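To start, the structure under review is shown below, and the notes come after it.
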Amino acid sequence: MDLDFNDTIAAISTPLGFGGIGVVRISGPQAFSIAVSISDIKMPESHRAYHKWLSGNIDEVVITFFRSPKSYTGEDIVEISCHGSPVVVRRLLALILANGARLAGRGEFTKRAFLNNKIDLMQAESVLSLVSAQSEAIADLSTAQLHGKLSAEINALKDSLVSILSEVQASIDFPDDFGPLDPLEKKIADFINTLDLILSNCSYGKLIRNGVNVVIAGKPNVGKSSLLNALLRESRAIVTAIPGTTRDAIVEGLNIKGFQFNIIDTAGIRKTNEFIEQQGINIAKKYIELADLVLLVLDVSQPLDAMDDEMLDLIKNRESIKVLNKIDLGVVLTQEGVKVSAFKGMGILELEEAMLDFVITKKGNNSDVVLTTERQADCLNKAKGILQEIIKDITIKVSMDIVSVKIQEAIEALDEMSGIRVGDEVLDRIFSQFCVGK
C-alpha cells in the first residue's frame with residue numbers, strides 16, 4: 001500500500017451497527033480545514049472538543065482536534081463523534097470525502113503513525129492484537145507491548161550489540177591495544193543466552209495470541225460431549241448412550257481466568273464400517289495432530305480396553321491431560337489424571353486449573369517480555385543464528401573484519417524487528433490485517 005502524505009484520509013473508526021455513537025477519523029494536512037468547512041468552528045484549538053451541528057443538519061456531533069505532531073498519526077487529526085446509526089455514520093463519512101479527503105486504506109492510520117515515528121513496528125503489531133483481543137491475557141500483553149515494554153528490551157539489546165561492535169572495530173583500527181578474544185566470545189555467548197530467554201516465551205505468546213486449541217478425545221461413550229457441556233456450563237452437544245452420535249467436530253470458545261481456550265469436541269474413535277462416522281473419526285485424528293492440548297477422556301468405572309489403549313498410543317507424543325470421567329459411578333480404573341463427573345459437574349474446576357497450568361508452564365521465564373508474532377521470533381532467531389556463527393568464527397580465529405560485518409548483520413536483524421529496516425512487502429502484510437479505520 002503506497003502512501004501519499006499530501007493526501008488527507010478518512011474512515012469510520014467504530015464498528016458499523018446500531019449503538020450510542022460512531023466515530024469518523026480524519027488525518028492529514030487538510031484535516032482541520034475539512035472539519036471547519038462542514039461546521040461553523042472558527043480557529044479550532046488542538047486537544048479541544050466542540051459540540052456542533054454539521055452543515056446540512058446531518059447530525060449533532062462532537063468534533064475533537066489534534067494538532068501535529070501530538071496526535072496518533074503524527075499528523076493533524078480530527079475525530080468526529082456522531083450518533084451510532086450506520087446511516088448517520090456513512091452520511092458523515094460521505095460529507096468528509098466530498099470535501100477533499102480520500103478513503104483510508106487498511107491500517108493506514110497506524111501505518112502513518114509508524115512512518116512518522118510515533119510507534120515502532122512491534123507497537124503497531126500490538127495495536128492489531130489489542131483491537132482483536134478475545135481474552136484478558138492477550139489484551140494485557142498487547143497493552144504492555146504498546147506501552148513499549150518489548151521495544152525497550154530490544155533497544156537495550158541493540159545498544160549492547162552496538163557497544164560490542166565498537167570494541168571490535170576498535171580492535172581492527174588499533175590492534176595493539178585490543179586484548180584477547182575470549183572476553184568477546186563470552187559477551188556474545190551471554191547475549192545469545194538473553195535471546196534464548198526471550199525466545200523461551202514464544203510458545204506462551206502463541207497460545208495467548210491464538211487461544212489454546214484443546215481437543216476432547218476418547219473412544220465412544222466415555223462422556224466427551226458431556227465434558228464439553230460441563231466446561232461450557234450449557235448443553236451445547238447432544239448427549240446420548242448411542243455410540244457414534246458425534247460425527248463432526250464442535251468448536252466452542254471458553255475463557256478461563258482471562259485465558260482463551262478453543263474447545264473442540266470430536267467423534268469417538270473406534271473401528272466402524274459406517275461411512276459418515278468414519279469421516280468424523282478421520283476429522284478427530286486430524287484435530288488431535290494439530291491440538292495444543294488433548295483432553296483424553298477415560299471411563300474410570302470400567303477397566304481399559306483395546307480402544308482405550310489405541311487412544312493412549314495415539315496421544316503419547318502429544319501434550320495431554322487424562323480426564324478420568326464418571327467417578328460418580330465408582331472407580332475401577334487406576335490412572336493418573338484429573339477425576340471428574342461431567343454429568344454431575346464434579347471436578348470441573350480442578351480440570352480448568354490443570355488446563356491453566358498447561359498454559360502457564362509454557363512461559364519460559366517470569367519476564368513480562370513476550371513475543372506476540374512469528375515475525376518477531378523470526379527476527380530474534382535470525383540474530384541468534386548470526387551470533388552463533390560469530391562464536392565459531394572466534395574459535396577458529398577468523399578475521400575481525402568478518403566478525404564486525406556479522407555483528408552488524410545481527411544488529412540489522414534487531415532493526416527489522418523494530419521496523420527500522422523493513423521492506424514494503426512486510427509492512428503491507430502487517431497493515432493489511434488491520435481494519436480500515438485503524
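Every residue, even glycine, has its Cβ placed from backbone N, Cα and C.
Feature annotations, reproduced from TrEMBL:
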BINDING   Arg25, Glu79, Lys118, Lys438  (6S)-5-formyl-5,6,7,8-tetrahydrofolate binding site
BINDING   221-226, 240-246, 265-268  GTP binding site
BINDING   Asn221, Thr240, Ile242, Thr245  K(+) binding site
BINDING   Ser225, Thr246  Mg(2+) binding site
DOMAIN    211-360  domain 'TrmE-type G'
Row Arg25 ((6S)-5-formyl-5,6,7,8-tetrahydrofolate binding site), column other C-beta within 10 angstroms, all chains, value 25
What is the interatomic distance between the Cα atoms of Lys118 ((6S)-5-formyl-5,6,7,8-tetrahydrofolate binding site) and Lys224 (GTP binding site), given in whole Å?
50
For the C-alpha pair, I'd like the distance in angstrom between Glu79 ((6S)-5-formyl-5,6,7,8-tetrahydrofolate binding site) and Ser225 (Mg(2+) binding site), rounded off.
49
(6S)-5-formyl-5,6,7,8-tetrahydrofolate binding residues Arg25, Glu79, Lys118, Lys438: largest Cα-Cα distance, in Å and rounded to whole number
18
Could you tell me the C-alpha distance between Ser225 (Mg(2+) binding site) and Lys438 ((6S)-5-formyl-5,6,7,8-tetrahydrofolate binding site) in angstrom, no decimals?
40
Entry from the binding-site residues list Lys118, Lys224, Lys438 having the most other CB atoms no farther than 10 A
Lys224
Any further residue of that chain within 8 Å (Cβ to the Cβ centroid of Arg25, Glu79, Lys118, Lys438) of the recorded (6S)-5-formyl-5,6,7,8-tetrahydrofolate site:
Ser13, Ser27, Ser71, Tyr72, Thr73, Ile77, Phe109, Thr110, Ala113, Gly437
State the mean pLDDT for the domain 'TrmE-type G' (211-360).
82
Smallest number of other CB atoms within 10 Å: among the binding-site residues Asn221, Ser225, that is Asn221
